[in-house]
Amino acid sequence: MSRVEAAAAEVKVRQHNALYLLSALCMVFMTLVVAIQPLFLRNVLNISFETAGAVNANVQVVTEVLDLFIFAYLGYLSDRIGRVRIIVAGFLVAAIGAVIAPLSPWIGGASIGALVVYYVSRVIMSAGSGAVWPQLSALAGDFSDDDTRARLMSNTAFMMAFGVTLVYAVLMQIPAHAGIAVTMLLTAAVSLAGAWLAGKFLVDVAPRTQETSVPWRAVWSLVKAEPRLRLAFASSLFARSDMVFVGLFLMLWFIYFADLIKVGQAEAAARAGILIGLMGAVVMLSIPVWRSFIEHFGRIQAVLLGMVLSALGFIMLGFIINPFDWFIVLPILLIASGQAGCFVAPQILTVDYAPRDLLGSVLGAFNVIGCIGIIFFVQVGGFLFDYVGPPAPFVFTGVGNLIISAYALRLLKREARDGGGDDAPGDDGVA
């Protein structure tokens, strides 16, 4: 290898490592914001148990509605001007919202005003983070080819899972020692670090699109023509909401059940954090297994198995009354092991069939579908949490996962009957 080739290889490794680290930082930010929210609303803004599910769900839905509008456009814009500038700007915007959030009681004054300010801060944070993580996924696709895609995107997913694990296993212990405000301000520091790292080490490598507006028609034609892409989009509709469900409603369940058994709020949050941290660790550790599974058996098979495992775990949660009972570990482990496959395989399928100059736009549409799923499932879940009971949202989303499992099985049977395989197309096939 010549000196020039060695230098180029070193730069490539540095870019990949920066992508992995940024994936972790982005998930630390996004997860910590959601995890600290029930604790902040309960102990700082004094939101009552009776309205907890609706208020927490509404905050999440407001942010997802915003994401719904920005994902598609920013995906297209990244195809036009590059992804790195959008990532840097997104981290900076997220940092602004992260500074405002803990100050909402002082900025807003009365309880209703403080809640409005907090809503605004969450919208700002969502706009920022919504500009970051889809572009990181697109960069992982840009940096890969058919031979390296499963490995590179699995490594990126591994680091995202590591970020989630770090939040619930370590960072969610901070409120009990340093306070809620300090923990919330930590998200601003994480965002600023991400902006610096992205600007310093990431580069754009994808070709620029010549489209002058969001190419909805081209994306729709792709999805309509390719059944596997339809499965990927359908999986996004259900699977993206799953992780939000666990992060939001499980934390809610612990915090508000704590009042019934006379356990402190911070202790309950820490207990839930440990459990969700365990889930994140299982997701993280199982991703290499899923990468091997995808390489040996195929993307569709991974979606099918992942959805079945997650569905079993979610439905089992419906039989639990006390979340502090350690039996809850079993369904959480099933959800975690299934979610790792559901997180990686649909994204790989999407990148497989997206033209290189429209990858950002196709992933933008993929994420829009995920937002619709989150809005629907979180809104319904908040209603079920308040009026049916804390386990109800989990059973509801488990049924949704079973529906996608049935669709994936049908697709596999049809491909087996028609003699189709599960190989990814070459770049020429999607250009």
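A Cβ is built for glycine as well, from the same backbone N, Cα and C atoms used for every other residue.
With a threshold of 8 Å between CB atoms, the same-chain residues lying at least 6 positions outside the transmembrane segment (21-41) that come near it are 47, 52, 55-56, 59-60, 87, 94, 98, 101-102, 115, 118, 122, 125, 129, 132-133, 136, 156-157, 159-164, 166-168, 171-172, 175, 180, 183-184, 186-187, 190-191, 193-194, 197-198, 202, 244, 247-248, 251-252, 255, 265-266, 269, 273, 276. Here Swiss-Prot flags 21-41 (among others) as transmembrane segment, drawing on sequence analysis.
Among residues of the same chain six or more beyond the transmembrane segment (57-77), those with a C-beta under 8 A of the stretch's C-beta atoms are 34, 37, 41, 86, 118-119, 122-123, 125-127, 130-131, 134-135, 138, 209, 211, 213-216, 244, 248, 360-365, 367-368, 371-372, 374-375, 378-379, 381-383, 385. Taken from Swiss-Prot, the feature transmembrane segment covers 57-77 (among others), and the record attributes it to sequence analysis.
Taken from Swiss-Prot, the feature transmembrane segment applies to 86-106 (among others). Cβ atoms under 8 Å from those of the transmembrane segment (86-106) belong to residues 22, 29, 33, 40, 44-45, 74, 77-78, 114-115, 117-118, 120-132, 135-136, 180-181, 184-185, 187-188, 191-192, 194-195, 198-199, 202 of the same chain, restricted to positions at least 6 beyond its ends.
Long-range contacts of the transmembrane segment (107-127) within the same chain, counting only residues at least 6 positions beyond its ends with a Cβ under 8 Å from a Cβ of the stretch, are 29, 33, 37, 40-41, 45-47, 55, 59, 62-64, 66-67, 70, 90, 93-94, 96-98, 100-101, 187. Among the features that Swiss-Prot reports, transmembrane segment is placed at 107-127 (among others).
Swiss-Prot lists 156-176 (among others) with the feature transmembrane segment.
Within the same chain, residues 18, 21-22, 25-26, 28-29, 32-33, 36, 39-40, 43-44, 84, 87-88, 91-92, 94-95, 98-99, 101-102, 125, 128, 132, 171-172 sit at least 6 positions outside the transmembrane segment (178-198) and bring their C-beta atoms closer than 8 Å to a C-beta of that stretch. Marked as transmembrane segment by Swiss-Prot on the basis of sequence analysis: 178-198 (among others).
Packing against the transmembrane segment (243-263) from elsewhere in the chain are residues 31, 34-35, 37-39, 42, 49, 52-53, 56-57, 60, 164, 269, 271-273, 275-276, 279, 314, 322-324, 332, 335, 339, 343, 374, 377-378, 381, 385, 390-391, 393-394, 397: each is 6 or more residues past its ends and has a CB under 8 Å from a CB in it. Annotation source Swiss-Prot lists transmembrane segment at 243-263 (among others), citing sequence analysis.
Per Swiss-Prot, transmembrane segment is recorded for 274-294 (among others).
Residues annotated as transmembrane segment in Swiss-Prot, with sequence analysis given as evidence: 302-321 (among others).
According to Swiss-Prot, the transmembrane segment annotation covers 358-378 (among others). Long-range contacts of the transmembrane segment (358-378) within the same chain: residues 57, 60-61, 64-65, 67-68, 71-79, 83, 134-135, 137-138, 141-142, 206, 209, 211, 214-216, 218-219, 222-223, 232-234, 236-241, 244-245, 248, 346-347, 350-351, 393, 396-397, 400, each at least 6 residues beyond the stretch ends and with a Cβ under 8 Å from a Cβ of the stretch.
The transmembrane segment feature in Swiss-Prot is assigned to 380-400 (among others). Nonlocal intrachain contacts for the transmembrane segment (380-400), taken as residues 6+ away from its ends with a CB within less than 8 angstroms of a stretch CB, comprise 50-54, 56-58, 238, 241-242, 245, 249, 252-253, 256-257, 310-315, 317-321, 323.
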